Every structure is written in C-alpha cells, then in structure tokens.
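Colleague: The compositional bias 'Polar residues' annotation in Swiss-Prot covers 106-118. If you look up Swiss-Prot, you'll see Ser18, Ser104, Ser235 marked as phosphoserine. The region 'Disordered' feature in Swiss-Prot is assigned to 101-171, 220-243, 305-327. What Swiss-Prot records for 179-201, 207-229, 250-272, 278-300 is zinc finger.
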Amino acid sequence: MEVAVPVKQEAEGLALDSPWHRFRRFHLGDAPGPREALGLLRALCRDWLRPEVHTKEQMLELLVLEQFLSALPADTQAWVCSRQPQSGEEAVALLEELWGPAASPDGSSATRVPQDVTQGPGATGGKEDSGMIPLAGTAPGAEGPAPGDSQAVRPYKQEPSSPPLAPGLPAFLAAPGTTSCPECGKTSLKPAHLLRHRQSHSGEKPHACPECGKAFRRKEHLRRHRDTHPGSPGSPGPALRPLPAREKPHACCECGKTFYWREHLVRHRKTHSGARPFACWECGKGFGRREHVLRHQRIHGRAAASAQGAVAPGPDGGGPFPPWPLG
C-alpha cells in the first residue's frame, strides 16, 4: 500500500535539491583534488544562475537578492524566504507588507504582522521550485514558522525606555542591542565606539607618555606623540632636523643689527647716514642703491617711448645713461 507524501514534504524535498542548495552545500571533500573541486563548483554555479537562459541583469539580481536576504534578522529572513521571492523587488514588497509604516498612529514604532504570517509554508508549499530561489541563510531541512506558533515571527518593537534607533537605518535592520550615549544621546552600533565617545565627555586621558608624562585620550595619539621624542623609532634623523642658527659676525654700530656678509653691513649703514649716492640722469633724483635708480629710470624710458615711440638714446647711441654717483 502506497503512502501519500504530504505536499509540504514534497516541497521541502524540491527545495533541498535545488541548484542553489547544491551550490551552497559544496565542500572540498566532494572532489578528489583542488582543480576538480573548482570545476565542480563552477558547474554548480552555472546550474544555479543558468547563464545560457538568463541575462546578466537577471543573474545580478539573484546575487543581490541573496545578499539582501542574508542581511535580514533571522526571523524576518525565514518568513521572507518561505514566500520564495524571485527578485529584490518582490522581497522588498514582502518586507513592506510585514513591517508596514514606520510608526503607528499612537507614535510608537511598532509594526504590524499580516494575516498569513503564522500560516507556514503550507500556503505556498505547492509552488514549483525553479532552482532560482536562493534561500539565503537557511540550513538544509529548515522549516518555516509552524502553524499556530506565536513565537515564530516576532517583529522588533522599540520600547519607550529603549535607546533610539540608529539614524539612517530602517527599523527592521536596527539591532535591538544598539546602545546610545547617556550624555548626548548619540547612537553607536559597537560598544567600543561608544566607550571611546564617552571619554570625550568625561575628559579622561588614560594613555600617558612615559617620556614626558603628557596624557592622551586615544592610543594612536600617544603613538604619534612618542615619535617626536629624540631617539624614538619614528623620530626624524639628523638629516631632517633643523640646522643650528649660523653666527652673524658683522654688526652695525648704530643699531646693533647683525649680518652674515660684510657687504650687507655696508649697504645697511647707508640707511643711517641718509646718503643717496646714485642719481637719475633725467631728473637728478638721488637713490641709496643702484638697483633703485635703475628701476626708477624705467619710468622715464616708458614715458619717452609713449611720447616719441622710442627710448631716448644715451651719449654713445645706446640706451639711457647709466646712473652715476653724486659729487
């Protein structure tokens, strides 16, 4: 006498033998060597993605859908996978049906559960498995939520005393263990980050330099500071250290200013005497330095060029007269 196989078991058998499950359950022990293992894995992947039938966009959608489902919480992932979405848009539609609006009318962020959440996979157990449905994160033989089990799907509800959800994250992706700073309310997903943030409020500087005793809040700041001490591995070598100040042996007897070169001292002392030994041959104006009178004579040259179209020649037929010392 034949025993009829229930529809639920038949659907599970198809799912467990799907190309996606064969690809995910692959182990190196399934092949005699690494080269054979790579070839077998490549063949299993082709059986799942079927590049001869699907376009690149369709295969990419399968990979995106798998990663999207693996990022969901375990209970939500089990419920969405039991509906066998064929694309990311179908998975998003199921999540919107499950989680509903972001907040209920009374102001809380509780989410509603559709009527068929606890119906289990029997409602869709007769759906044919095409081998394209990646049940990401579900172990072989795992069943969906059992009928009548009220604990199968428990959507996350933020309690009034719980910290606020992480900004920028959807409600179903914010972990219930998210912590926030009691001082300013800043939310952190990692306790280590929160601990380091709270040190900024207390002013605590637990990391002290053994060389000079200066304290720092973060360890990397201390490491960077220790490199500035001479002899440390990160301190600059002799070639990178600033050179000592050079001696300036030539000093002015009037103001005490010192110079490296004697010529600079001689030129400086003329500023105290007020002497202007260089005169312009055009207007007779005197200057203390030769380069100043040369710069001044360019003004006369430009004026003459604009008035006559050429610069007035000097005594030898060349350019303007060079400056000569007065007296």
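A Cβ is built for glycine as well, from the same backbone N, Cα and C atoms used for every other residue.
Show me how these features fit into the shown structure, please.
Modeller: Other Cβ atoms within 10 Å of the Cβ of Ser18 (phosphoserine), summed over all protein chains shown, number 20. In this structure, Ser18 (phosphoserine) belongs to neither helix nor strand by DSSP; it is coil.
When pLDDT values are averaged over the zinc finger (250-272), the model yields 86.
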Colleague: Within the zinc finger (278-300), count helix residues (DSSP H, G, I), strand residues (E, B) and coil residues, in that order.
Modeller: 11 helix, 4 strand, 8 coil
